[in-house]
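Everything on this sheet refers to the single structure shown next.
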Amino acid sequence: MHPPSRQDYVSISFAGQGSGVYNNSKQWRRQSCWRKWKQLSRLQRSLILFILVLLFICGIASYPSITEHLSAINWLEAVREAFRHAWKGYKDFAWGHDELRPLSKSYSEWFGLGLTLIDALDTMWIMGLKEEFEEAKAWVATELTFNKNVDVNLFESTIRILGGLLSTYHLTGDTLFLDKAKDIGSRLMPAFNTPSKIPYSDVNIGKGTAHPPRWTSDSTVAEVTSIQLEFRELTRLTQEPQYQDAVAEVMKQVHKLDGKLDGLVPMFINTNNGQFTHQGIYTLGARADSYYEYLLKQWIQGGKKENQLLEDYLQAIEGVKKNLLQKSSPNGLTFVGELSHGQFSPKMDHLVCFLPGTLALGAHNGLPADHMDLAKQLMETCYQMYVQMETGLSPEIVHFNMHQGSTRDIDVKLADRHNLLRPEMVESLFYLYRLTKEHKYQEWGYEILQNFNKYTKVSSGGYTSINNVRDPDYPSPRDKMESFFLGETLKYLYLLFSDDSNLISLDQYVFNTEAHPLPIWPSTA
Ligand code: DMJ
C-alpha cells in the first residue's frame with residue numbers, strides 16, 4: 001500500500017483569469033496592474049500621481065541634507081581617529097610629560113606637569129573616548145602634583161592647566177578636578193605681588209615666588225588680560241574673592257591706561273609702573289590677540305552685565321575697522337594688518353584667525369550684525385591662507401599684496417613657512433558653522449583635517465609641527481606635537497562636524513582661549 005499522497009504545495013487559481021493556472025510572469029503582472037489602474041476613477045488616479053510627484057520632489061530636496069548628514073558622521077569618526085592616533089603617540093612615548101616628540105619617539109618638558117594630558121582631558125570627554133579619559137584621570141589622581149620647584153608661565157598654565165581642570169570638573173562633576181584646579185590656582189597667585197598689581201609672567205609654583213623674564217620687567221598685554229575667565233570662575237566655585245579681585249584689578253587698570261589707539265592696545269605693559277611700553281605698535285596677532293577675545297567672553301560669562309568690558313570690545317572692533325582692515329590685490333580679500341608708529345604693514349599672523357569666530361559669537365549675543373559680515377569675510381581670507389599653500393596648510397604668518405598689478409594676494413616669507421598645528425582657523429570655522437549652518441565651513445574643516453593627516457601625521461603615533469607648508473614633498477617635520485593640537489584643534493574640528501548645537505551650547509558655555517568650555521554664569525536677577 002502506498003500512503004495517501006501529501007499535498008506539499010498550494011495551487012492558487014484566480015477565478016475568471018483565463019486558464020485558472022497561477023501565472024506569475026512579469027508580463028502578466030504588468031497587464032494586471034494596468035487593468036487595475038484603468039479600473040480606478042479619475043480622481044483616484046490624479047491623487048496617486050500627485051502623491052508620487054510629491055514623494056519624488058521630497059526625495060530630491062532631502063538628498064543633499066542626507067548626504068551631508070552622513071558625511072558629517074564620517075567626519076566625526078575621522079577626527080576621533082585622529083585624536084586616537086595623537087593619543088597613541090603621547091601614551092607610548094611621552095606619557096605624563098608635557099609634549100610628544102613624535103619623530104624621536106620621546107618628549108619635551110616645559111613645566112613638567114603633563115601638559116598635553118591635562119589639555120586633552122575635556123576633549124576626550126566631549127568625544128566620548130571613555131577608556132582614554134579614565135586612564136588620564138587615573139594619572140591626574142595618582143601622579144599629578146603641583147608641589148614642584150618649577151617656573152611656569154602664568155598665562156600658559158592658567159589657560160591650559162587651570163582652564164582644562166575647571167572645564168573637566170564642569171563636564172564630569174568629579175571633584176578631583178576641582179581640587180586640582182584650586183591647588184594650581186592658589187599656587188599661581190604670587191604672580192600678582194608686583195608694585196603695580198599687573199602680574200609677572202613667571203611663577204615658581206613650589207616656592208611661591210614670581211618674577212618677570214630675565215631681560216625685562218614687562219609682561220605681555222595679551223597674557224595679563226587673558227587669565228580672567230579662569231580666575232573669575234575659580235572664585236565663583238570656591239567663594240574665595242582673591243582670584244577674581246586680582247584679575248579684575250588688571251582689567252580696571254588696562255581700561256584706564258593711556259596709549260591705546262581707538263581701543264587697540266600696545267603689546268607690553270610694565271609690572272613696576274603699570275604703564276604700556278613699546279608703544280605705537282598695534283596688532284590683533286601675537287601678544288595682543290586674546291585681550292580682545294576676553295573682553296567679549298568675560299562680558300558673556302558674567303551674563304552681559306559688565307558694560308565696561310562691552311564698551312572696550314565694541315570700541316576695539318571699530319578701531320580694527322578704522323586702522324587695521326584692508327583689502328588685498330588682485331582678489332580683494334579682507335585682512336587685518338598691523339600698525340607700527342603710524343605705518344601700516346600688510347602682515348597677518350595665523351593667530352588672527354581667531355577673530356572671525358569671536359566676531360560671530362558677539363553677533364550671536366546681540367552685537368551689530370555687521371560684525372557677522374566681517375566675520376564671514378575674514379573667514380574666507382583665513383581659508384585662502386590654507387588653500388593657496390601647496391600643502392593646503394596655513395603658514396604661521398602671511399603678507400598680503402596691496403599694490404595694483406599684483407598677480408597673487410598672499411606672500412609668505414621664508415622664515416614664516418611653518419605650521420604648528422594651531423587651532424585658530426578651525427576654531428572660527430566651528431563658530432561660523434554653529435551660527436550660520438552653512439556647510440562650506442564643515443567642508444573647509446574636513447579639507448584641513450585631511451591635510452593634517454597627509455603632511456603632519458607620524459606613522460608610529462602622533463602628529464608633528466612642520467617647517468614648510470610650501471613643500472608637499474618635504475614639509476620638514478619639526479618633531480613636536482603641541483598640547484593645543486589635542487586641547488583645541490581636534491576639539492574644535494569635532495565640534496565643527498557635530499550637528500548637535502547642544503553639544504557645548506554657545507548659550508551655556510564660553511570657551512577660554514585654550515578651547516576649555518566654562519559655564520556662563522546663571523543669572524541671579
Ligand atoms: C593656544 O595656547 C591658545 O589658543 C592661545 O590663545 C594662542 N596660542 C595657542 C594656539 O595657537
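Cβ from N, Cα, C; glycine included.
Record features, source TrEMBL:
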TRANSMEM  46-66  transmembrane segment
ACT_SITE  Glu156  active site, proton donor
ACT_SITE  Asp289  active site
DISULFID  Cys353-Cys382  disulfide bond
ACT_SITE  Glu396  active site, proton donor
ACT_SITE  Glu424  active site
BINDING   Thr513  Ca(2+) binding site
Secondary-structure category, per DSSP, in which Thr513 (Ca(2+) binding site) falls: coil
If you measure between the CA atoms of Glu156 (active site, proton donor) and Cys382 (disulfide bond) and round to the nearest Å, you get 25
List the same-chain residues at least 6 positions away in sequence whose Cβ sits under 8 Å from the Cβ of Thr513 (Ca(2+) binding site), in sequence order, or say none. Ile159, Ser226, Ser290, Glu293, Tyr294, Phe354
Candidate with sparsest Cβ neighbourhood (10 Å radius) among Asp289, Glu396, Glu424, the listed active-site residues: Glu396
Taking only the CA atoms, the spacing between Glu396 (active site, proton donor) and Asp289 (active site), expressed in whole angstrom, is 14
Using Glu424 (active site) as the reference point, find which of the recorded positions Asp289, Cys353, Cys382 has the shortest Cα-to-Cα distance to it. Cys353
Chain-internal residues, separated by at least six, CB under 8 A from Cys353 (disulfide bond): Leu378, Cys382, Met385, Ser394, Glu424, Met425, Glu427, Ser428
Please list the recorded positions from Glu156, Cys353, Cys382, Glu396, Thr513 whose Cβ falls under 6 Å of any atom in ligand 1. Thr513
State the three-class DSSP label for Asp289 (active site), counting H, G and I as helix, E and B as strand, and everything else as coil. helix
